[in-house]
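Among the features that Swiss-Prot reports, signal peptide is placed at 1-6. Annotation source Swiss-Prot lists region 'Framework-1' at 7-29. The disulfide bond annotation in Swiss-Prot covers 29-86. The region 'Complementarity-determining-1' feature in Swiss-Prot is assigned to 30-40. Per Swiss-Prot, region 'Framework-2' is recorded for 41-55. Among the features that Swiss-Prot reports, region 'Complementarity-determining-2' is placed at 56-62. The annotation region 'Framework-3' is assigned in Swiss-Prot to 63-94. Sequence annotations record features per position, and here Swiss-Prot assigns region 'Complementarity-determining-3' to 95-106. Summarising the annotation, Swiss-Prot assigns region 'Framework-4' to 107-116.
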């Protein structure tokens, strides 16, 4: 029906991960239906607004370190952080973002990255 809204669920794993400085973190996001490459990744630190890291699944946002890499399409997506630094400690969210007015923008549940010094 015109104007009908589609329900999209975004399942993000793991909920929390601990990593040593210099290590690698992999965060996965699964969409309940294909969203092509309309997937963004955000980093949020306590008391701060979310920072866009990656859009269209794999495109690095301006000013973001190339240590962050996004991949995937359809229903399966991955964010990889390599050479982890203390400053990477944060909560990371995936967001589906079809450029269509009849689909809700939906976030994953978030992944807390704890960096061990």
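Using the three backbone atoms N, Cα and C, a Cβ is placed for every residue, glycine included.
Here the region 'Complementarity-determining-1' (30-40) has Cβ contacts under 8 Å with residues 6-13, 52-58, 70, 72-77, 94-99 of the same chain, all six or more residues outside its ends. Cβ neighbour count within 10 Å across all protein chains ranks 29 highest among the disulfide-bonded residues 29, 86. Where the region 'Framework-4' (107-116) meets the stretches 7-29, 41-55, 56-62, 63-94, the count of C-beta pairs under 8 angstroms peaks at 7-29.
Same-chain residues lying 6+ beyond the ends of the region 'Framework-2' (41-55) with a Cβ under 8 Å from its Cβ atoms: 27, 61, 64, 68-70, 79, 88-95, 97, 110. Break the region 'Framework-3' (63-94) down by DSSP state and the numbers are 3 helix, 17 strand, 12 coil. For the region 'Complementarity-determining-2' (56-62), DSSP puts the residue distribution at 0 helix, 2 strand, 5 coil. Long-range neighbours of the region 'Complementarity-determining-2' (56-62) within the same chain, counting only residues 6 or more positions beyond its ends whose Cβ lies under 8 Å from a Cβ of the stretch, are 37-40, 68-73, 77. Across the range of the region 'Complementarity-determining-1' (30-40), the DSSP-based residue counts are 0 helix, 4 strand, 7 coil.
Mean pLDDT, taken over the region 'Complementarity-determining-2' (56-62), works out to 97 on the 0 to 100 scale. Counting residues per DSSP class in helix, strand and coil order gives 0 helix, 14 strand, 9 coil for the region 'Framework-1' (7-29). Remark: secondary structure over the region 'Framework-2' (41-55) totals 0 helix, 9 strand, 6 coil, with classes taken from DSSP.
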